Amino acid sequence: MQCVKLPISVRVEINLLLLAVTGLALVTRLYGIHFPRAVVFDEVYYGQFLSLYMKQVFFIDESGPPFGHMVLALGAYLGGFDGNFVWNRIGAEYTSNVPVWSLRVIPALAGSFCIPLAYLLVVELGYSHFSALGNILKYYFDLKILLNFSFQQPLLQASVSHDPPEIVLKYFLSLSILKTVVLLNIFVETALHFSGFFDNWIDKTGGLARITQGQPLDVALGSQVTLRTVSSKPVPCWLHSHKVNYPIRYENGRGSSHQQQVTCYPFKDVNNWWIIKDPGRHTLVVSSPPRPVRHGDIIQLLHGMTSRYLNTHDVAAPMSPHSQEVSGYIDFNVSMPAQNLWRVDIVNRESDREIWKTILSEVRLVHVNTSAVLKLSGASLPEWGFKQLEVVGDKIYKGYQQSGMWNVEEHRYGRSQEQKERELELKSPTHSDIKRNLTFMAKFLELQWKMLTVKNEESEHKYSSSPLEWITMDTNIAYWLHPSSNAQIQLIGNIVNWTIANLALVVYCLMFLTYLLRRRRKVEDIPQDSWEQLVLAGVVCVGGWAVNYLPFFLMEKTLFLYHYLPALTFKILQIPIVVEHLYIHVLKSPAQRKAFGVVILAVLCSVYVSYHNLSPLTYGQPALSSDELAALRWRESWDILLRKR
């Protein structure tokens, strides 16, 4: 106790300006995030992952690093979300069980803390607090960053060093946390394995680990299978049928075949089981030796629990009248013969006689009579269809579409010919005892390979754009439109901000090249420490912009305007660096500096005016008239939605 000096005191320094910066960031980002209480743009896509996490349903996340979705799922978990919501369309009203504020608060907080991080970074690069403060005003009033700031995890420190290389290292470390969330997912999975949870979780919920539990790899005639759609839009689901028929007439007056409903159901269920049948034989069991199904074979699919054949015909589908209805065939003794033959088309085959494999094969089922492809339309059926997803026969199917691809997920060789015995068999687990199990690493590598090799649909989105359009803000994205008014949410940037950021980038490059050439000729226009400061700022800001922007020119995926936001944050960060350098080192006379100050003040006012005018399109309120919206269409390429009355 003699080594302890009393009294013990703690000295605390509070940066009131930094607190004010952070507080204003929280206000601008958290204000109104509960509005609208409806699905907004990509919530229709990412929401499905939240439901799957909440319901502990196994799925392959082909959209990106799963850790990012887990972070969003954390907000859903903290808000008490039970996962019961169908994410099928933008604008769908959330039910009372969906905690809207909790779902949106974590991304909003992450975006808020990026504002003080930008402030600290400008200061740590050696520039003044005044320049840093002027810069973050641009972040406050840039509508795109406000609406849809990329998720980041800033590295906040209690005390900040004034060594520029150290702050650069800290900043890029925080960016590496953002860029490598997929590695964090690897660490999480490894930790779960060693805690004994990983194997149990996968085994319980299904998926790739099923192969290691004794399921046959080769699909054969007589196999009992569940067919899962390769697409996860709007949600992963399984081909399903039940003892309920289509209504004789729909609400719009169109008629149906009144045959048994066939749907896609997003949960495990005994009614998801189908039997692969040889059309030339009556047997429903696997022979010895098994007769494998190969690419190009003709089969029938018999629903295990109701003994109805999968059928499609020239009857309009209930929600997609341009496609054919898919049904479980019932012979009503009318002039509607069975059309239940399907050709197996293994899309990812390596040979023309490849065997249909459990999990591994992506299969397209082509109707023999009409050449229609069995496809998930994505539409939800009304109450008479229990809100399940519609399955159709698509006669104009072209190219690779995940919605028309199916995997065999659960699989057993059928042994029961009688219906009652078969029903008991279908209700039993698919697990069987085997002597050899794959190691954790083998299963882990298989899972990672599947995620890396998933192929995205070759389709263009209405609001997709090219990287060249991002620079001049020639594009926007409509996030949400009110069902009865002109109230809407648009991803549109602050045009003044973007113009000044582009100009600052050009000016910096010209200054850098000029200084560099003159220094090669032994002409030093600025002191050595100022030159090193300018170079370091360029490495951080111009380099950050380049590495977050240029790679998109090499990508084949569908791109959207929000992909530019990380690069945009670096480009805006360049503005105070250029402004302060011009003010100190280029403008020599007091008159020039005074005039330059007036210009800067005018630019900041213009940034606010642009923000104020366009803010109804960011917050979604108040609703504007058609004339007011038309006046905000500052570029012909902007797609501002005008409701026709």
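Cβ atoms here come from the backbone N, Cα and C positions, even for glycine.
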Q. Looking at the ranges 9-31, 170-192, 561-583, which is given as transmembrane segment in TrEMBL?
A. 561-583
Q: Write out how many residues of the domain 'MIR' (352-411) are helix, how many strand and how many coil, based on DSSP.
A: 6 helix, 27 strand, 27 coil
(Q) I need to check the long-range neighbours of the transmembrane segment (595-614): which residues 6 or more away from its ends have a CB within less than 8 Å of a CB in the stretch? (A) 134, 137-138, 140-143, 492, 494-497, 500, 579, 582-583, 587, 632
